[in-house]
Amino acid sequence: MRAYLDLVQHVLEHGHRKEDRTGTGTLSVFGHQMRFDLEAGFPLVTTKRVFWRGVAEELLWFIRGSTNARELEDKGVRIWSPWADPDGELGPVYGAQWRSWRAADGREIDQLQQVLTELRQRPDSRRHLVSAWNVGELERMNLPPCHLLFQFYVAEGRLSCQLYQRSADLFLGVPFNIASYSLLTHLVARHVGLEVGEFIWTGGDCHLYLNHLAQAREQLSRAPRPLPTLHIDPGVTDLFAVRYEHLRLAGYDPHPKLTAPVAV
């Protein structure tokens with residue numbers, strides 16, 4: 001995960017001071033890319049403990065098409081709770097857009113299922129994309145998507161994925177996002193009968209909140225440890241049947257967790 005730590009260091013040294021929606025303030029740079037070879041280990045940050053169950057449960061929640069935070073809360077995951085209404089609803093956020101994008105003619109489009117079908121039938125297509133940035137529904141979302149577009153690519157029997165993240169909270173969010181879309185790549189590859197290739201993360205506004213700087217510096221003082229290995233229950237190949245209990249990380253030995261406030 002040296003690429004991630006190098007980006008944190010770069011923002012600390014060269015980031016522009018900017019104001020933001022939350023009133024917290026950030027150090028920010030614009031435009032950055034990181035690449036992770038998924039055969040070389042599962043890219044989960046080791047310089048602090050990352051909430052693995054939260055990563056996995058959130059992704060499976062997206063895949064189910066859910067938009068209610070109570071489903072996550074029932075599993076001990078509260079990362080979406082600050083933005084939920086009293087009933088737990090978040091509006092048409094990620095899950096709704098992935099699984100039931102509302103078209104202008106009233107149809108609901110299952111983008112994720114379309115991509116799975118196309119990966120099998122036309123693996124060399126350049127249209128293996130899923131977007132969560134539905135301009136017509138942004139105002140109804142309690143939090144517009146930060147990681148808003150991902151694309152799959154097949155070469156030599158391997159599946160790679162690139163994510164575009166318009167807004168990248170480097171200390172709290174990005175370690176989660178890297179792990180989430182790396183897990184998605186593994187699960188989709190298994191569903192369509194491919195091996196894994198790379199996960200490529202592309203960020204727009206890459207920032208550290210001003211009240212995360214001390215924690216970021218502490219993280220940089222820690223030596224990275226070997227990456228864990230992801231194991232998926234061999235009896236489960238259907239993406240839509242995967243549950244947290246089917247996933248296991250072997251060899252995850254991170255440094256202690258570092259806490260920081262969430263900018264809401």
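Just so you know, glycine gets a Cβ as well, placed from its N, Cα and C.
Swiss-Prot annotates R21, R126, R127, R166, S167, A168, D169, H207, L208, Y209 as dUMP-binding residues; of N142, N177, the candidate listed for that same site is N177.
Here C146 (active site, nucleophile) comes close to Q165, R166, S167, A168, D169, G173, N177: these same-chain residues lie at least six apart in sequence, with C-beta atoms under 8 angstroms from its C-beta. Counting only residues at least six positions away in the same chain, the Cβ atoms of E118 sit under 8 Å from the Cβ of R127 (dUMP binding site). Around A263 ((6R)-5,10-methylene-5,6,7,8-tetrahydrofolate binding site), a 10 Å sphere centred on its CB holds 20 further CB atoms from the protein chains shown.
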